Each structure stands twice: as structure tokens, then as C-alpha cells.
Amino acid sequence: MAVASSSDVVILALGVVLAAVYLFKDQIFAASKSVTPVTTSSKLANGGGNPRDFIAKMKEGNKRVVIFYGSQTGTAEEYAIRLAKEAKSKFGLASLVCDPEEYDFENLDQIPENSAVFFVMATYGEGEPTDNAVELCQKLSDDSFDFSNGEHKLSGLKYVVFGLGNRTYEHYNLIARNVDRDLAKMGGIKIGERGEGDDDKSMEEDYLAWKDGMWEAFAKAMNVEEGQGGDTPDFVVSEVQDHPPEKVYLGELSARALTKSRGIHDAKNPFPATISVARELFADGADRNCVHVELNIEGSGMTYQHGDHVGVWPSNPELEVERLLCALGLHDKKDTVIGIESLDPALAKVPFPVPTTYVTVLRHYIDISAVAGRQMLGVLSKYAPNPEAEAFLKNLNTNKAEYSAIVGDGCLKLGEVLQYAAKDDLKAAPTPANTTVWNIPFDIIVSSITRLQPRYYSISSSPKLHPNSIHVTAVVLKYESSGDKVEQRLIYGVGSNFLLNLKAASNGESTSLISDPADSSPAKVLGGPVYAIEGPRGAYKQDTIYKSPIHVRRSTFRLPTNPKSPVIMIGPGTGVAPFRGFVQERVAMARRTIDKNGPEGLADWGNIRLYFGSRTSTQDFLYRDEWDNYAKELHGKFTMRCAFSRENYKPDGSKIYVQDLIWEDHEVIADAILTGKGYIYICGDAKSMSKSVEEALCKILGEAKGGSAEVEGAAELKMLKERSRLLLDVWS
């Protein structure tokens, strides 16, 4: 090995020193210069750099109100935004509207003393928080969770609670009540009374009855006076010239749909599913319709499980689109391209994709088919075409009884209210010539009417038998309006009649807007609704094949994984839909088991019992030609009991329903539940059927345990629900 001389070492050392001096010359020779301190931006200083820090966002925006919403379908979010708008218009207070899923709550105790927190909480399923509010509710109720103060306390926190629920469900507004309880327990100070909206009657009226007293208490607690705000629009609508046509949204529900690019299909990007089968389930001569639709999802990347829901995205009926175009004076410029900009994105986001057109907004994006809200009418009254129409709308806005008699009982949509107030003929097909124009700014329409939402249906198939197809079973909603203020007429449900249109078109059946197609007079009588089912740019129609935009919503409504567990299913009417999927699921499992072990492989399986009800065995017995085949494949493990209310009667002449059959089989049911540790599923009407079935179950279980329905039976039923052995998929 070579050894370096001493002179080499000196030269090398000198080189290192000179190199170091050169590299750090600025620091060495700048000692006399003033040092500029490193500044931190205000956003970083107050934590605004963390997008999950709502306290920082409140401070940045000088907002004294923060509103958290727990929403499954969008309704609670809509009410949260309404509260924010009212805080601004009444008191001039800016609000931060928050999806709780997007924020952390460790600093909830840092809410400034001059601020307040609103909780707008929907109760979902069987007394559960909505998906986006699960973590929030857990942290509020968990005594071991500490806020930034090191304690589970929110002393002095000013809060407001409004709940959304349905009184036909057992756990009515449970989440709002729990939030209120937890906040009070931690030392919070409630402003006003807790509000509770009942979707079974009128969520809107419950909200209106609650909010005035709440705002009065709010003003006192926050030391503010009404009148400090003002009427300011949420949006600016502008007509756009020379925008590339291919970049204009004409009903597409996502940017991916507009650009035809691939991506995940969900609620934000629905999949246009081809309708492979569409048929009528009720017999000829029935006075109602029930459609069976099969939606092809092959190649979509979408999957589903038995018991899930499918969201179908309808459009509004063309009649209502035309009516509102005429009433707003937009008929001749309906295809004009418009841009919409939010003046306060934190308060009011543009609820649909833009740029778009006037007619597209009314057809695809906002819910003009809903009954017009009472609060909305007060805002619109100032744009009335004459003093009489203005006075009429103001009266509807302030007179709850009159609103209920005219708009509520008459089921009047916004376009119909405007026509009725102007004394136009509601029975005539609307045209610019026969419809009075209201000069309502379009930004007011966008602000006042909620987004058109998907309609959800229980999937009536199993992916084990139909992996590339989702089946829908929907009775078509059609009923007469009530009351004597507005002439009675037929009212049509949006989603089910949309499916009926698709079924007719898929099969080459005709649909007509008028009862007599030969009558083309202006006063022609209007028939069932017609929809623009061909979709934006004809995207939902290829020759004679039609599509519908859909997405899948997950559910916990599932069979037990162990086939040895007995299963009891109660589903009258279209409540049988998910149970068709359940039975198909078991059939698929049985086929695999038999292929491997023969029919004896099913010997220790629990029995599946289905209780179905309809009016007659000949007209509305859903899937009557399928059940016997399923029973054969399940080799005696499937039993079906049917109650035909207009064929079979009790000795006293009263009708027989599913709850009566359940009581007839009380010994079998008690044994399946108590001995076999079986599972119970109920699907259908929540208002009467579900309650009656639960009462029958309480009676059965109470007697089987040697007690009463009210005590032992109710306790057993509660335990079954807590252990997820009694599951409900019900609606009102």
C-alpha cells in the first residue's frame, strides 16, 4: 500500500479548507448583515394548512356558524344549506357547512365563544347514523375520547340540533336525540328546542314550525339582531356565447360521462345500463302496473350483493319541463347555453355540472316534479305578473292551512302553482300562448329547487345467478289528488313512471301524452307522463335498445352466511323483491352443494319461509311462475305462504294479511327463532304492515317464553334487532 508524504497531507488539508470557505462564503462573510426572519403564512399559523381543520376555516372566513350534516340521500345537506342561507339573510352571519366525514373533531372544544355549532342529523336504517356521520357520533358518545383540552367536555359550546326521521320507524330521530343528549352531557348549551322533522307527514312543515322559535333564541344567545343581513343571490347565471357544443352538459351526470372516459361507476358517475328485459308483472286487466326490469351491468366494473339497492336516475316528465319553461318565459331560449357561478362556494355549491342549458337544468338536474315548498313561494311572490298573483302566493306562504288545502292536497308542483296563481288552465297542455310569464331570475330557481335525486329500489336478483344483471321490481305509482280546492287529477310518481316509459319503449309499445292522440287542440286532455328517455345526445338509445343511468348502494340486508340457520321473510307486494334475490342466493348455494354432496347435502339446512301478500292470486301475485321451481331446487327447504286479501277472508269477513298467516304459524316461527336461532327479515310498507308484523312477532315470542307480548315479547324482539337477527328494509 502506498503511503502519502507529509507535504501531500498538508496540500490536501489546505484544499479541503479552501473548498469549505467557498461553499459557505455567504454565511461566513454575511455576519454583519441583518437577518430576515422566516415568516409563516397566516394559513399555516392558524392551522389552515390542514384541510380537516374546520376551526381554521371558520377563522379564515370570519364565520361564526359551523353546520355539520349527517345525510344519506342529500336531504339533511339541503336543510343545512337552508339554515346557512337564513343565518346570512337574517343576521348577516357567514356559515361553514361541513360534511363531518371530511373533518377532525379533536378541536371541537375550540369553537370561539361568540360562535355556534349546528347539527342537522338524519337517522338511517334501524336507528343508525348516516354513513358520513358515523365517526362524529362515535366521538360525541365515547367518554374515553378526549378533545384538545384533554377531557371529554365541551363546556359552554352553543349548539343547535335539527333531526330528520320518519315516525313510522321504531327509532324515530334517534341520532338527533343522541347528539343532543351527548352535547348536553358534555356541558354544551342548547339554543332553542331540538327540531324533529317527520318525513312520514311533512318534513318541510316541521322545519318551518321549528325554525322561527329557534332563530329567536339564536339571536339572544349570539347577541345579534335580525335585519343585519339582506337578500343576496347564491348564484350568478350568465348566458354563454360560442361555447364548444361538445363541452356543454345536456344531462350527463358526470364529467366522465360527457367525455366518455372510463372510470369507477358510483353515485357521482352512474353507469348507463342496457335494459335487456322489461315486462309487466301484473295480469291483463289489472288497474295498476308493476314492471320487472333487468339492467345489464356487464363491463361496468360494478358488483352487487343480494339485498343491495339500485339507484335509478330519472329525468323529469316532459310536461312539467314544458310547463316551467313557459311559465318562466324561457321556451324560445330553452337551448341557450348558460354558465352558473356560486357567489359563496362554501355556502352554496353549484349543484350540477355546467355549462349547460335552461331546458337541461329543468329536465335532468333539479326536482321540478316535487310538491312546491311553502317557504319557496314567499320568495317567488315578488316576481308575480300581477298584484292578485302576488297576494295569492304570499297567502300560501303565510297561511299553513291554505297551503295544505291547495298545494298539499292538490299535489301542485312549482309550475302548476305558478299557473294556478295566474289563473291559467291547468288541464291544457302548456304553451307560450296560454301560460302567463313570471319574470323569476333563473338563479332563484336554481337556489330554491333541490337537485333531482335517484330513486332507490331493492334489487330483486342474486349475483350468484345473475352476475351481470340487476333486476328491479317496481309498482308504478299513480293516485288521485285530494281536497276540493283544486280539481282532482291523477298524480304520477317520477321514478316508477320513468321505468314504465322505458319498459314501453323497449318493447315497442306506444306511450302518448294525450288520452286521444287524434285530438291536437290546445285544450287536449293530458294522460300519463312521457320522459326524454333517449338521454343526452341520444346516449341512452341505440336503435331499439334503451339504457338507464344507475349505481349500486350497499346494504346490510343480508342472509346469514350459515345455511343451517332458519330464515323467515315477510314481504307483501313489491316487498318481496329482495326475497326473490335471497331465494336465488340459496338456490345457487344448493346447486353447488348438490353437485358436491348430492341432495342429502341439504339435510341439515334451515328452512326458508316466505310470507307474501297481494290482492288476488290471479292479477298481482308477483313471480308466481317462479316460486315452485325454486322450491324444487331447494328440496323441501323452502316454504311459501300467501295472503290474498281480496280472495281469502276470516270467519268475521275481514281480510287476511301476512301478519295473520304469521300468527297461524306461531309454533313453527317460535321454534325457528328461539330454538333454531333463526333470522327474520321484513320488507315493505313501514306505516302499517311492518308494525302489524312486529306486533304479531311480539305476541308469538311473548307467549312462547311464558309471558306477554308487551314485556317478554318486546324484550326478545329488541334483542333480535340488537343482534342483527331481525332486519328491516321498509319505506313509508
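Note: Cβ is positioned from N, Cα and C throughout, glycine not excepted.
Since this is a predicted model, take the numbers as computed values, not measurements.
What TrEMBL says about this one:
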{"type": "BINDING", "residues": "71-76, 122-125, 164-173, Asp199", "note": "FMN binding site"}
{"type": "BINDING", "residues": "Arg288, Thr574, Ser645, Arg646, Lys655, Ile656, Tyr657, Val658, Gln659", "note": "NADP(+) binding site"}
{"type": "BINDING", "residues": "Arg455, Tyr456, Tyr457, Ser458, Thr473, Ala474, Val475, Tyr479, Gly493, Val494, Gly495, Ser496, Trp731", "note": "FAD binding site"}
{"type": "DOMAIN", "residues": "65-215", "note": "domain 'Flavodoxin-like'"}
{"type": "DOMAIN", "residues": "268-543", "note": "domain 'FAD-binding FR-type'"}
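Cα-Cα distances to Arg288 (NADP(+) binding site) place Val475 within 10 Å, out of the binding-site residues Gly74, Tyr169, Tyr457, Val475, Gly495.
Closest by Cα distance to Gly125 (FMN binding site), from the binding-site residues Tyr457, Thr473, Gly495, Gln659, Trp731, is Trp731. Rounded to a whole number, the distance between the Cα atoms of Trp731 (FAD binding site) and Asn166 (FMN binding site) is 9 Å. Put simply, Trp731 (FAD binding site) is 18 Å from Tyr657 (NADP(+) binding site) when counted between their Cα atoms. Each of the binding-site residues Tyr457, Tyr657, Trp731 was scored by the number of other CB atoms within 10 A of its CB, and the lowest score belongs to Trp731. The separation of Ala122 (FMN binding site) from Arg455 (FAD binding site), Cα to Cα, is 18 Å. Neighbour counts of Cβ atoms within 10 Å were compared for the binding-site residues Ala122, Val475, and the top value is held by Ala122. Val475 (FAD binding site) has Ser645 as its nearest neighbour among the binding-site residues Gly74, Ala122, Tyr169, Ser645, Lys655, going by CA to CA distance. Note: the Cα of Trp731 (FAD binding site) and the Cα of Gly74 (FMN binding site) are spaced 17 Å from each other. Of the residues the record lists as binding NADP(+), namely Arg288, Thr574, Ser645, Arg646, Lys655, Ile656, Tyr657, Val658, Gln659, the two whose Cα atoms sit farthest apart are 24 Å from each other. Cα-Cα distance from Gln659 (NADP(+) binding site) to Gly74 (FMN binding site): 34 Å (rounded to the nearest whole number).
The binding-site residues shown are Ser71, Gly74, Thr473, Gly493, Gly495; of these, the one with its CA atom nearest the CA of Lys655 (NADP(+) binding site) is Thr473.
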